[in-house]
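Q: Mind having a look at this structure? Questions to follow.
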Amino acid sequence: MMNRIHAVILDWAGTTVDFGSFAPTQIFVEAFRQAFDVEITLAEARVPMGLGKWQHIEALGKLPAVDARWQAKFSRSMSAADIDAIYAAFMPLQIAKVVDFSSPIAGVIDTIAALRAEGIKIGSCSGYPRAVMERLVPAAAGHGYCPDHWVATDDLAAGGRPGPWMALQNVIALGIDAVAHCVKVDDAAPGISEGLNAGMWTVGLAVSGNEFGATWDAYQTMSKEDVAVRREHAASKLYAAGAHYVVDSLADLPEVIAHINARLAQGERL
């Protein structure tokens, strides 16, 4: 039984909770407005998703359209002090709101139970800092989702995504003896890069998360054509990031793991 998957490391928003990853995107828009009266769109707020939140704000400031707006208002580009100010506005807003987005995505609870029945451990990590995770984790547990371990983006001196460190910290905490027997699951490109950099199998989620960018209710009423277009857009970004597999949501993960286990049993290696 050595040649099989022993652990999955799951992202949070858009992967296990918060269908469409709306908690952080809305708060970025509000933080820019509150700190500097600068408008950004939800679509712009989604572009760097998966990074740590300070790095996310930094990346937003470098988007050509956002930089142009900033230059028009302040006659200069965004500085580190500006990023600090937006982050300072972001944090209390996110801490206050994250519990409203803590319900598990459809299929998550059953999938976790199925994985655990196979002896697979459940790790997790997030682009959220610890202060946010300390609110989100117990709220999600109240809804029935409780991974075996979690790591926040500001926990490790080495940093967060797209580096491998949060994923590897899960490997250490869970006592997994081979990174190639782990699967990193994420709905955004930096999380796929994280898994690849850690030497893991990677699975992208094309519908439940940031790249698809729809609420659960909107998804339920969406035409098949619209779903197909959005799915293809999201899948192409995740495959471009290097994902080994792309599926709709975490509910599809057990089938993927069965496929990976078959490949491992035949001697295939990453």
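Residue numbering: from 1, along the chain as shown.
Just so you know, glycine gets a Cβ as well, placed from its N, Cα and C.
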Q: Of the candidates D177, D187, D217, which one does Swiss-Prot list alongside D11, A13 as binding Mg(2+)?
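A: Record source Swiss-Prot; matching candidate: D187.
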Q: What's the number of neighbouring CB atoms sitting within 10 A of the CB on D11 (Mg(2+) binding site)?
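A: I count 30 other Cβ atoms within 10 Å of it.
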Q: For the recorded positions A13, K53, D187, which one has the sparsest Cβ surroundings, going by other Cβ atoms within 10 Å?
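A: Lowest Cβ count within 10 Å among the recorded positions (A13, K53, D187) is K53.
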Q: Cα distance, K53 (active site, schiff-base intermediate with substrate) to D187 (Mg(2+) binding site), nearest Å?
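A: Just about 16 Å between their Cα atoms.
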Q: Under DSSP, is A13 (Mg(2+) binding site) helix, strand or coil?
A: strand
